[in-house]
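Visitor: One structure follows; several queries about it will come next.
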Amino acid sequence: MTNIRKAHPLIKIINNSFIDLPTPSNISSWWNFGSLLGICLILQILTGLFLAMHYTSDTMTAFSSVTHICRDVNYGWLIRYMHANGASMFFICLFLHVGRGLYYGSYMFKETWNIGVLLLFAVMATAFMGYVLPWGQMSFWGATVITNLLSAIPYIGTDLVEWIWGGFSVDKATLTRLFAFHFILPFIVAALAGVHLLFLHETGSNNPSGLPSDSDKIPFHPYYTIKDILGALIMLLALLSLTLFSPDLLGDPDNYIPANPLNTPPHIKPEWYFLFAYAILRSIPNKLGGVLALVLSILVLALMPLLHTSKQRTMMFRPISQCLFWLLVADLFTLTWIGGQPVEHPFIIIGQLASILYFALILVLMPIASLLENNLLKW
């Protein structure tokens, strides 16, 4: 008789994805972040569900309801801070996952990569909407500034912004709809993640060498299940340490002040994981130009398969590309730092130079370096 895990229509899918899946024998810890992102998503959906039970999406009571969750609900403070810091862990894993993809040429799986870029946009949209919900000063002004960017779209911009606001400013209607979207989007993200995996399992995983690994595959279970559990434990340890020892480390103190449309905070800035994109937005003096640069800073990832000029898939054996990759990482750290600084000298010029370098590295320098390395192979 055939084993039930190989015969049952539902269990068969799980078996082929997590148990009998043929996996390259040499994938490193950089391949752990997919499973960590899955755990993050499940954690966010669960904590978010319990928060939604006590949260009210009304401008008069939203701030108070979050305070009520932290003070009066059993372990409400833990659920709230796990959710807030869980978002930070989510983005740390996302950035490392995308970085791995860039370094090891995983973008050559075009469908998987494009769904991944779509997922990145969806998660960023979800996180932005979630930041608005506590209805503190930074929530309100962040929502006002970011939604206002759409007014840069020619002709329809202003109408579009007022349509999204549900009025002539960020108000009750805006908060209610953002809560609705914040609730539904993670489930769309989960569905997209399923499609992401579906396309990945069509081709099989890449590996650090970038060479075909069909001749050397091992079953996912027990080798990589154990490895993923170790990764998950390390991530959960980091998340719990952050949540229990310094829950407000990555937050903004201004968000503990209830939203006040009559009082603008001195520095409006988003959460840390958006600061690099925010710095690129601010580095262009023109509104429409800034918005385009903001979108392109993420959308440029979709061009990676077209910009791949190397004869080798990964950067493992390409020292010049490696140097440029780590320069890109340093540049992103610089942009993140600049995004949190006030708009004044010398931060303006540093931000502009870092933004130019960001696009130059991805669009010009890395493809040229790859061509150079192709020629070096002939020596």
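Glycine too: its Cβ is placed from the backbone N, Cα and C atoms.
Annotated heme b b562 binding site per Swiss-Prot: His83, His182, in sequence order. Among the features that Swiss-Prot reports, heme b b566 binding site is placed at His97, His196, with the record citing similarity to another entry. Feature annotation from Swiss-Prot assigns ubiquinone binding site to His201; the stated evidence is similarity to another entry. Residues annotated as transmembrane segment in Swiss-Prot, with similarity to another entry given as evidence: 33-53, 77-98, 113-133, 178-198, 226-246, 288-308, 320-340, 347-367.
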Visitor: Which one is it, among the binding-site residues His83, His182, His201, that lies nearest to His97 (heme b b566 binding site) by Cα separation?
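Guide: Spatially nearest to His97 (heme b b566 binding site) by Cα position is His201.
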Visitor: Give me the count of other Cβ atoms within 10 A of the Cβ belonging to His182 (heme b b562 binding site).
Guide: 21
Visitor: Could you tell me whether the transmembrane segment (320-340) and the transmembrane segment (77-98) have 3+ CB pairs under 8 A, leaving out pairs under 6 positions apart?
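Guide: Counting Cβ pairs under 8 Å (6 or more apart in sequence), the transmembrane segment (77-98) does not reach the transmembrane segment (320-340), since there are fewer than 3.
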Visitor: Return the stretch with the most CB pairs under 8 A relative to the transmembrane segment (33-53), choosing among 113-133, 226-246, 288-308, 320-340, 347-367.
Guide: 226-246
Visitor: Is the count of Cβ pairs under 8 Å between the transmembrane segment (347-367) and the transmembrane segment (178-198), pairs 6 or more apart in sequence, 3 or more?
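Guide: Answer no: the transmembrane segment (347-367) and the transmembrane segment (178-198) share fewer than 3 Cβ pairs below 8 Å.
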Visitor: Take the C-alpha atoms of His201 (ubiquinone binding site) and His182 (heme b b562 binding site) and report the distance between them in angstrom, rounded.
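Guide: His201 (ubiquinone binding site) and His182 (heme b b562 binding site) have their Cα atoms 29 Å apart.
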Visitor: I'm trying to understand the geometry here, so how far is the Cα atom of His196 (heme b b566 binding site) from the Cα atom of His182 (heme b b562 binding site), in Å to the nearest whole number?
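Guide: A Cα-Cα distance of 21 Å.
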Visitor: Using a 10 angstroms cut-off on Cβ to Cβ distances, just flag whichever of His83, His97, His196, His201 is the loneliest among these binding-site residues.
Guide: His201
